[in-house]
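Chemist: One structure follows; several queries about it will come next.
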Amino acid sequence: MAQQILHLQAPAKINLHLRITGRRPDGYHLLDSRMQKLEFCDELAFERLDRGIELVCAGRAVPVGPENLVWRAAALFFAETRADFGVRITLRKHIPVAAGLGGGSSDAAATLRALLRLSGLRMPRAQQLALALRLGADVPFFMQDAPAALARGVGEMLQPVAPLVGPAVLLVHPGVSVSTKWVYQSLDLTSQALDDSFQRSAGGGQSCPFVNDLEPVTVSRYPVVGELKAEMAGLGAEPALMSGSGATVFGLFADREQAKRAFLHFQGIYAHTYLTRPLSG
């Protein structure tokens, strides 16, 4: 009998705001961010094997060994649970790599969820999220069913919030590779200050102004990101903002026809241009 294959989607995300609020003694940065999942996604298929981890990638040239977060997620799962089987994972990659859209983190979360289902293990939710956090700060968000959440701490403190409804989301990646590690290392925390309105909105769980504290750092080395943001705003995006550590810039458009015109404009300039919508459930 043929093995059952489990298919999962791994959605991209955008940061509607991202504020850096401090740094722990161990060097990890503390943040306050509103994260929103998108319909734009990677696709993964999982098949049980007798033993071992096999990873096959299609769509983009990405590593298929321990350098890949999917492989590391599977290895961590088997190490922690002692589950007595293996897995073949086929990853169809659509989300650009190192783009500020959380593609690798989403793929890792999908892998943990799939292996839990394939194994039949009942793992407490807190343990699942702790395992996810060991793979990266964004992975716990993607382990949650909620399409949108406020993330605090190093990303492990999650509060579901109402998702975006309605706007078209334009994503444009300018083709530069940004190191998240470099961005955080370059961040001058002494220049970060939370104004009163932000503190009130953060404390009340309400939406904060569209701002990304990492954006000036990335733009200082990659001016094309700032130029792209200004151009997108000029085409009607309200707002246009860099997502995560970049280099993807997203724009929200209330008018879908206006979004399509902007999409066609950027599609003729940048290979990685996508028009999508927020996940709402």
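Every residue, even glycine, has its Cβ placed from backbone N, Cα and C.
Annotations for this protein, taken from TrEMBL, read as follows:
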{"type": "ACT_SITE", "residues": "K13", "note": "active site"}
{"type": "DOMAIN", "residues": "68-143", "note": "domain 'GHMP kinase N-terminal'"}
{"type": "BINDING", "residues": "P96, V97, A98, A99, G100, L101, G102, G103, G104, S105, S106", "note": "ATP binding site"}
{"type": "ACT_SITE", "residues": "D138", "note": "active site"}
{"type": "DOMAIN", "residues": "211-263", "note": "domain 'GHMP kinase C-terminal'"}
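Map the listed features onto the structure and describe their local environment.
Modeler: The Cβ neighbour count for K13 (active site), using a 10 Å radius and every protein chain shown, is 28.
In this model, the domain 'GHMP kinase N-terminal' (68-143) carries an average pLDDT of 96.
The number of other CB atoms found within 10 A of the CB of A98 (ATP binding site), across every protein chain shown, is 18.
The DSSP secondary structure for D138 (active site) is coil. For D138 (active site), the number of other Cβ atoms no farther than 10 Å from its own Cβ, over all displayed protein chains, is 25.
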Chemist: Which of the three DSSP-derived classes (helix, strand, coil) applies to K13 (active site)?
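Modeler: Its secondary structure by DSSP: strand.
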Chemist: Return the single residue from the binding-site residues list (P96, G100, G102, G104) that has the minimum number of other CB atoms within 10 Å.
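Modeler: Fewest other Cβ atoms within 10 Å, among the binding-site residues P96, G100, G102, G104, is found for P96.
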Chemist: Using the CB centroid of P96, V97, A98, A99, G100, L101, G102, G103, G104, S105, S106 as the ATP site centre, which other residues of the same chain sit with their CB within 8 A?
Modeler: A12, I95, G244
Chemist: At a 10 Å cut-off from the C-beta of S106 (ATP binding site), count the other C-beta atoms across all protein chains.
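Modeler: Its Cβ shell of radius 10 Å holds 28 other Cβ atoms.
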Chemist: Can you tell me the CA-to-CA distance separating G102 (ATP binding site) and K13 (active site), as a whole number of Å?
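Modeler: Pair distance, Cα basis, whole Å: 6 Å.
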Chemist: Can you tell me the three-state DSSP label for A98 (ATP binding site)?
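Modeler: In the DSSP reduction, A98 (ATP binding site) maps to coil.
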